[in-house]
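Going by TrEMBL, these are the annotated features:
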- 26-49: transmembrane segment (TRANSMEM)
- 45-290: domain 'Rhodopsin' (DOMAIN)
- 61-85: transmembrane segment (TRANSMEM)
- 105-128: transmembrane segment (TRANSMEM)
- 140-164: transmembrane segment (TRANSMEM)
- 195-216: transmembrane segment (TRANSMEM)
- 228-255: transmembrane segment (TRANSMEM)
- 267-288: transmembrane segment (TRANSMEM)
Amino acid sequence: GGTEPPLSLVSAWQTDSYPHGIRRNWGLVVFTIILFTLTVSAVAARFWVRFFVQRNPGIDDALIVAALLPITGLAIATCLAGRLYGFDRHIWDLPPDLAVQSRQIHMVIAAMYMVSTGLTKISILCFYRRMEVGIIKNWFLYTVWTAIAFVFAYMSAFLLTLFFGCRPTSSYWNKVDPSWAKTHQYHCLDEGANMLVACVVCIVQDFIVFVLPLLLLRKLETSRRQKIALAVIFGVGFLLCITSILRIVFIYNIFYRTYDTTWAATPAYVVTAIEAHLATICASAPALKFFF
């Protein structure tokens, strides 16, 4: 599987052996819009509580607001991919120019996903420092700073690999056009392997980010009800680990089991949208206890 099918398969795609004219419905678009609406609402409520009610905003709030920009880009790109850029149909139904555009929008989605989840994780880790007084030991503070550096380094490495993994960079999207690939010299890293490694690292990061607060629950000077609420809030974070595992399954299928990358990408985009939006909502949840 992968993004560069053999010419014999490309020729076979034009026969009646493969179904033609099948289109997906609006499910991906509607689902993404719902997630995005919930996410914007959660961040807006957090902004109002921290800036105008509690009047104690911090760097974690600034980061989560900043994360809204790539989240918005991710939502828009996912909707466009699902209706205009070929991800609603089989790869063999895409003319070469649309196949190239599908790779361009895929790059945008990958970049927006990485920046949004990276900023969200760093925001959550910075929030942990707000609970520092009286309950956090030095080892915990050092762990938080190490985790922040880990997330930032991973985000930077992923983006560098994404944009410069192919030489020239334009071959990242042009290589899916057989006529272009036959007449141009280019070199690309193993995209499938890079994506799988990125997913594994993402799972490790999710586990670290959402396990850390559980170590503090017994020491929190608050009511049992609030402790339970905090445990539930961050327990939801483990759902992100599950979505990351599902992404591994779907990405493996895209790059190693099928050349029908546009059709197979839809499930991966669903869990990507869930992970990015749910992470932002989860990061805003502690501030939202004001409403309950």
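Placed from the backbone N, Cα and C atoms, the Cβ positions cover glycine too.
Just so you know, TrEMBL annotations never went through curation; they're auto-generated.
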Let me check one thing: do the transmembrane segment (61-85) and the transmembrane segment (195-216) come into contact, meaning three or more Cβ pairs under 8 Å with sequence separation of at least 6? no
Quick check for me: are there 3+ Cβ pairs below 8 Å between the transmembrane segment (267-288) and the transmembrane segment (26-49), leaving out pairs under 6 residues apart? yes
List, by number or range, the same-chain residues at least 6 past the transmembrane segment (26-49) whose CB is under 8 A from its CB atoms? 61, 64-65, 68, 71-72, 75, 78-79, 82-83, 87-88, 266, 269-270, 273-274, 277-278, 280-281, 284-285, 287-288, 290-291
Give residue numbers and ranges for long-range contacts of the transmembrane segment (140-164): same chain, 6 or more residues beyond its ends, CB-CB under 8 A. 107, 110-111, 114-115, 118, 121-122, 125-126, 128-129, 132, 189, 194, 198, 201-202, 205, 208-209, 212, 215-216
Confidence summary for the domain 'Rhodopsin' (45-290), mean pLDDT rounded: 88
